[in-house]
Amino acid sequence: MKQIHVVAGVIRDARGRVLLARRTEGRDLSGSWEFPGGKVEPGETPEAGLARELREELGIEATVGAKLIDVPQRYPHKRLRLDVREIASWSGTPRGLDGQALAWVPPRKLADYPMPPADRPVVAALLQPAEYLVTPMPGADGDAWLEGLRATIEAGVRRVQLRAPGIDATRWRALVADAAALCRETGVEALVNGNAQLAREHGLGLHLRADQLPAFEQTMRVPGKLLAASCHDAADLQRAAALGCDFVVLGSVLPTPSHPGIAGMGWDGFAALREDCDLPIYAIGGLDHSDIATARAHGAQGIAAIRGLWANA
Ligand SMILES: Nc1nc2c([nH]c(=O)n2[C@H]2C[C@H](O)[C@@H](COP(=O)(O)OP(=O)(O)OP(=O)(O)O)O2)c(=O)[nH]1
Ligand SMILES: [Mg+2]
């Protein structure tokens, strides 16, 4: 099946609200809210196509700005790439020229509007961090590890997975307590790898390993806290979605020293897996800050990394 290229715009008003349009009756996905836009026509650039769609559907003149994310997505009868751009500036008064309802929505409220599956990663790209740190193994000096975490947070990381496979349990419990306090203090979202008990004790989110997905039960969730998972293939992604994970990590994209001998799935492999899943997905495996634009161009929320994000690396 051929992939349709759809281009859509994030239009903001002076108060920072975002414009959504409701798909009219008689079309696919009718009733759901979307970012205004439509199909790119043959021979048209995406920028020209989006400006044309916004003129036809809303009666505004728009200047297309930066790319937010490109989401490859498979629906029952079509495959599309939803290419979402920020609208840098616009003039006129948006009206629903096709009879569609319009709504100016504060970003925090976007998730309250029912939208097509491809839009879930778009809303996540607008609201959630593009970087997800996975902590490196603490060395003999636990304070140095905590200082590394502090420096990484100061460098701008806002979402963290506390992970130290094989570490002594008592030592880890103490380090997690200190790391949890640091994250609370700095307003950083923290999840702990694999250990629901520890997550519960410290009010942290829980990040499941792929091998924990099959046996995980809803009752093991930490109420009101983030649930995430590491995924390597389509079956893992399906399990994570069925559990209602808030986001996942998928890789390895590139070969990495932490998993020697395992070839990466590559960016095309990543995008292909992402087509059948509507969760926000961080790409992992040999990536750092400089890969975020490439990640977004393949439908990723951003990148997850150990060495690539650790400030004291
Ligand atoms: N514009 C837009 N389309 C979206 C979004 N999310 C999403 O899944 N889609 C899907 C719905 C449709 O299958 C496809 C857009 O095609 P469309 O039919 O609206 O295209 P169009 O505006 O050129 O309109 P038409 O003349 O073909 O009806 O992309 C979104 O946020 N905005
Ligand atoms: Mg349209």
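Glycine is treated like the rest: Cβ placed from N, Cα and C.
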Of Arg23, Arg27, residue recorded by TrEMBL at the 8-oxo-dGTP site of Glu34, Phe35, Pro36, Gly37: Arg23
The domain 'Nudix hydrolase' (1-128) - residue tally per DSSP class, helix then strand then coil: 28 helix, 52 strand, 48 coil
C-alpha spacing of Glu57 (Mg(2+) binding site) relative to Arg23 (8-oxo-dGTP binding site), in angstrom: 11
For Pro36 (8-oxo-dGTP binding site): intrachain residues, at least 6 apart, with Cβ closer than 8 Å: Ala8, Gly9, Ile11, Leu19, Leu20, Ala21, Glu53, Leu54, Glu57, Leu58, Pro94
Recorded 8-oxo-dGTP binding residues, Arg23, Glu34, Phe35, Pro36, Gly37 - maximal Cα separation rounded to whole Å: 11
Cβ neighbour count (within 10 Å, all chains shown) around Gly37 (8-oxo-dGTP binding site): 25
Other CB atoms, at most 10 A from the CB of Arg23 (8-oxo-dGTP binding site): 18
Nonlocal residues around Glu34 (8-oxo-dGTP binding site), in sequence order (Cβ under 8 Å, 6 or more apart): Ala8, Leu20, Ala21, Arg22, Arg23, Met115, Pro116, Asp119
